Each structure stands twice: as structure tokens, then as C-alpha cells.
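Worksheet: one structure, shown below.
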Amino acid sequence: MGDLFVLAISCIFINNILLAQFLGNCPFLGTSKKMETAVGMAMAVIFVLVMAGMITWIVDLYLLKALNVEFLRTVSFILVIASLVQFVEMFLKKSIPGLYAGLGIFLPLITTNCAVMGVCLINIKEEYTFIQALVSSFAYAVGFGLALILFAGVRERVILARVPKALQDTSIGLITAGMIALVFTVFRGMV
Amino acid sequence: MREMLSMIVVLTVLTAVSGGLLAAVKVKTEPRIEEQVLKFQKAPAIKAIFADATNDPIKERFNVKAEDTELQVFPSTLADGIKAVAFEAKGTGFGGPIGLMVGVNLDTDEIIAVRVTTHAETPGIGSRAKEDLSFVGQFAGMSMASNFGTKGQGGDIDAMSGATVTSVGVSQAAVAAQNLYKKLKPEIVKQMN
Amino acid sequence: MAQSLVKEFTKGLWAEIPLFRLVLGLCPALAVTKTCENGIGMGMATTFVLLFSNILVSMLRNIIPSKVRIACYIVIIATFVTIVEFVMQAYTYELFLKLGIFIPLIVVNCVVLGRAEAFAGKNTVMLSAADGLGMGIGFTLALSSLGAVRELIGAGTLTVWGGTPLFTIGHGYIPFQFMVEAPGAFVGLGMMLCLMNLIGKK
């Protein structure tokens with residue numbers, strides 16, 4: 001139990017997926033201009049990443065490793081993620097329209113969010129057990145959400161500041177992200 | 001209906017072609033990849049560990065197995081007639097897995113030397129574990145029964161300053177090597193004779 | 001014909017250079033550019049995938065039903081990515097180790113899928129090949145220049161190929177290690193975008 005807690009902390013803070021591992025940076029910059037979209041994206045990622053983490057782990061063990069076709073990992077994982085996203089979208093639309101209204105527009109974007117694919121691959125590479133993979137998927141997703149929401153909060157302020165013309169928009173966004181990443185390096189010695 | 005059918009056919013054919021193509025590429029590149037792994041990761045480390053080997057440890061490599069653990073070992077006879085083996089163990093550093101090649105004297109269970117094989121640590125910081133030998137040099141002469149934890153964890157290893165995570169990763173790998181050795185030594189000795 | 005080929009090729013090098021103009025493909029750009037060599041390697045791997053997936057997508061554009069086109073593109077891209085993985089393991093093994101997980105992740109690089117969807121799915125094979133090659137080389141240029149800047153400032157060296165530095169700043173130079181670490185990636189790219197904006201204004 002203690003080990004899982006340490007794993008979760010290190011996935012959320014120390015190896016933060018956005019700021020230390022650099023996965024999922026396109027939506028990080030794309031959806032962080034407004035707090036509202038940032039929260040929506042964060043929720044959608046948590047939802048999909050946990051499911052994708054579980055399913056790809058099972059696929060890897062019982063399909064790829066069992067049949068000795070590990071070289072199809074990239075192809076099969078991306079197909080699993082793409083169809084999962086599609087399926088979640090259809091399911092939410094029919095069954096939980098309220099949630100769909102909130103997450104709907106973010107779901108298609110998640111297929112090309114490398115945070116999802118990246119965490120699935122990390123789970124396999126680090127040889128996690130099913131429970132560890134589940135915890136790491138959830139924790140990485142929470143770390144993603146945390147960084148994204150923090151960043152959106154800062155960015156909403158930056159819009160009000162007087163930024164030199166050449167630095168505007170993405171450029172200042174990246175430098176701000178760098179500062180947040182600097183803050184996150186403080187967590188490094190924790191575990 | 002026709003549309004549905006064509007969708008399924010196109011996707012299936014595409015996936016099948018892709019699978020077949022990849023299998024072919026894999027078969028073509030496999031021996032070459034194995035050679036590369038040996039050449040770039042393991043061979044330099046083994047040569048450094050067994051500097052006075054009288055045989056070719058890489059050529060004479062074999063696999064040992066006990067329960068569900070399999071390990072590739074590199075046997076060597078040193079200049080003074082000492083029998084030794086080298087094998088690789090893994091730990092987790094700052095940028096990902098760290099591979100550590102460990103050379104052990106089979107008679108005394110003492111470490112001859114260790115070298116880092118692979119790492120993805122930050123250049124100039126964690127990467128010192130591979131380039132600067134004063135850190136990995138600590139392991140030489142230690143018994144396989146020592147505590148390989150870093151001093152911060154109550155063990156005997158001095159961490160590199162500024163690269164604690166990497167140091168812990170290397171020490172993890174050493175502990176993994178310890179466990180492998182404990183488990184597989186009888187099997188190794190059996191196959192060496 | 002030849003003119004439009006040149007046009008599609010050169011647009012990726014400057015006017016629509018990925019990463020700097022269209023802010024796409026950020027993850028590999030931030031993660032692997034600790035050294036210039038890594039940037040070049042990653043760029044070349046992406047160029048290979050871009051070129052061949054563009055060609056194949058364009059060849060099959062009349063056969064692929066539009067409803068499953070994204071899935072088909074993904075399969076095509078993933079196939080080439082895996083081929084690159086094998087080839088890099090077999091021939092440039094050290095580089096493969098450094099790039100690690102980011103090689104399979106080319107599959108979700110928005111630049112690649114973006115070109116398939118926006119260009120190759122609608123244009124002829126020749127044009128798509130020119131587009132893929134141009135975008136790939138543009139991406140490589142962007143990654144290697146970011147890598148060069150970070151490495152020079154952060155480690156005081158410049159490595160282009162083969163793992164040994166081509167050039168080292170003299171011993172008096174104390175590396176600004178911030179630049180090779182995670183935060184430096186963001187700041188470095190931010191500054192380069194700023195520079196591009198300044199040049200673009202004229």
C-alpha cells in the first residue's frame with residue numbers, strides 16, 4: 001500500500017507528465033487559455049487515461065505477449081486508444097448527456113494526446129503489475145490535470161499583462177510553462 | 001450496407017498487410033539488433049570489467065534459468081586463473097531505466113567491477129555515473145552480500161552529489177544484481193563446469 | 001507541376017515550418033532536444049514516417065472510406081513508426097536508446113496525422129511526397145536548432161552525430177545547466193518562437 005502511495009506521488013509531482021516527461025504538451029498549450037476548457041480537458045484525460053491504461057495492460061499481457069507479437073505494440077495500442085475514445089464518446093452521448101456536454105469536444109482530441117499513449121507505454125516499459133499500472137495511469141492523469149489547471153490560472157493573468165509584441169501568445173505561454181516546470185523540480189528530492 | 005462492408009474490408013486488409021510487413025521487417029532486423037545490443041551496451045562494459053580476461057566472454061555467453069528468471073551471463077577466466085561472470089541488472093534513474101553490468105568473482109563472491117551500460121540521464125549530471133568512474137568504482141571489491149543502498153538509505157554507497165536519483169537508480173540495479181546472483185549462482189556454476 | 005512541387009516542398013521549410021509556425025509536435029521537441037544530435041535523429045525519424053505515410057495515404061485516398069479514414073491513417077502511420085523503430089535499433093542503436101519512448105510516440109505526433117488529414121488525403125502522390133519531405137525537413141531543422149541552442153548554453157558542447165562533441169566551449173565556460181533540464185526546454189522554445197516572430201515581422 002505504501003509503495004503504491006509513493007508511486008502515485010512520484011507520478012503526480014516528481015515525474016509530472018507534462019512538466020518533467022513532456023508528454024501531452026499540445027493540448028497543454030492549446031486548451032489552457034481559459035480555465036473552463038482546461039478543467040474539461042483535465043477531466044476527459046483522467047477518464048480516458050485510466051481506461052486506456054487498464055485495457056492496454058490487458059492487451060499487452062494476454063494478446064501481444066501471449067502470441068509473441070510484441071512488435072505490434074505501437075499499432076495495437078493506438079488502435080485501442082482510438083476506438084476507446086470513439087466508444088466513450090458514443091456511450092456518453094447516449095447515456096450521460098450531461099457529462100458529454102462537458103467533455104464532448106475534448107474527446108476526439110485525446111486520440112492524438114501523447115500523454116495517453118505515453119503512459120500506456122511507460123506502464124509496460126516499467127513492467128508494472130496491473131494494480132501499479134492502474135495507480136500510475138490515474139496519478140499521471142491527475143498530474144496532467146493539476147499542471148494544466150495551474151497553468152491555465154497563470155495564463156488567464158498573463159493575458160492582462162503587457163507582454164512585448166514578439167513574445168505574445170504561445171511564446172510567453174511556453175516561458176510561463178518553463179517557470180511552472182521550474183517550480184515542479186522542487187519536488188524531485190521527495191521520494 | 002455496401003459502405004459498411006467496404007469499411008470493414010479496407011481496415012482489415014490494411015491491418016493484415018501492416019502486421020505481415022512488420023513481421024518481415026522484424027525477422028530481417030532481429031539478428032542485427034541483437035548484435036548492436038551486445039556491441040554498444042554490453043561489450044564495452046564487459047571489456048572494462050574483465051580487462052585482463054584470457055578468453056572472449058562475449059563469444060562464450062550463455063543463458064541460465066531458474067524458476068521463471070532467465071539471465072544472460074558472460075563467463076571469463078582472468079589472467080590469474082580466477083573464474084568470474086558478468087551480467088546485467090536494471091534500476092530506475094531520473095530519465096528512465098539504468099542498466100548496470102556487474103562482474104563477480106565466483107570463488108569469493110566479491111565484485112570485480114561494475115559499469116553502467118545504458119541510461120537516459122541528464123548530460124553532465126546523471127550521465128556522470130557512466131563517464132566518471134569514481135562513483136561506480138566504489139563497488140569494486142565489495143562482497144555480493146553487502147548493503148548496496150546509498151548512505152541516505154542506510155547503505156554503504158556514497159551518492160554522487162547533485163545526482164541523487166541516478167545514484168539511487170544505480171544502487172537499485174546493484175540490489176537487483178544481488179538478488180539475481182543469489183538465485184542463479186548454483187545454475188551458473190553448474191553450466192560453467 | 002514542377003513549380004507547385006517546389007512550392008509544397010519549401011513551404012514546410014519556412015512559411016509553415018512545423019513547431020515554429022504551426023505549434024505542433026511539441027512533445028518530442030521539448031523532450032529530446034537536450035543535444036543537437038538527438039534533435040537531428042528525432043527529426044530524421046519523423047521525416048521518414050511523414051514522407052512514407054503521406055505517400056501511402058495519398059495512394060490509397062480513393063479507396064479509404066471517409067468514415068474510417070482516421071483509423072486507416074493511424075494504422076499506416078503506426079506501421080511506418082514501427083519500421084523506424086526496428087531500423088534505428090539495428091543501425092543507430094545508441095541514438096535509439098537516447099530517444100527511447102519518443103520513437104513509438106511519433107505515432108501521436110500531430111504533425112504526422114495532421115499532414116495526412118490536411119494534405120495527403122486530398123492531393124496527388126507527388127505533391128504529398130513533396131509536402132511530407134518539406135515538413136519533415138522543416139521539423140528536423142527546428143528540432144536541431146533548438147537542440148543546438150540548449151546544448152551549447154546548457155552543456156557548453158555541440159554534438160551533431162556519433163555521440164562525441166564536434167565542438168566544446170573552452171574550459172572557462174560554466175554551463176548554464178538550466179537549459180538542458182526540463183524547464184529550460186520550455187523557455188528555450190519560447191525564446192526561439194519569439195525570435196521567429198521578430199524575424200517574421202520584417
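Including glycine, each Cβ sits where the backbone N, Cα and C put it.
Residues annotated as domain 'FMN-binding' in TrEMBL: B:93-181. The average pLDDT for the domain 'FMN-binding' (B:93-181) in the predicted structure is 80.
Positions annotated as FMN phosphoryl threonine by TrEMBL: B:THR164. DSSP assigns B:THR164 (FMN phosphoryl threonine) to a helix.
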For B:THR164 (FMN phosphoryl threonine), the nonlocal same-chain Cβ neighbours (under 8 Å, six or more residues apart) come out as B:THR150, B:GLY152
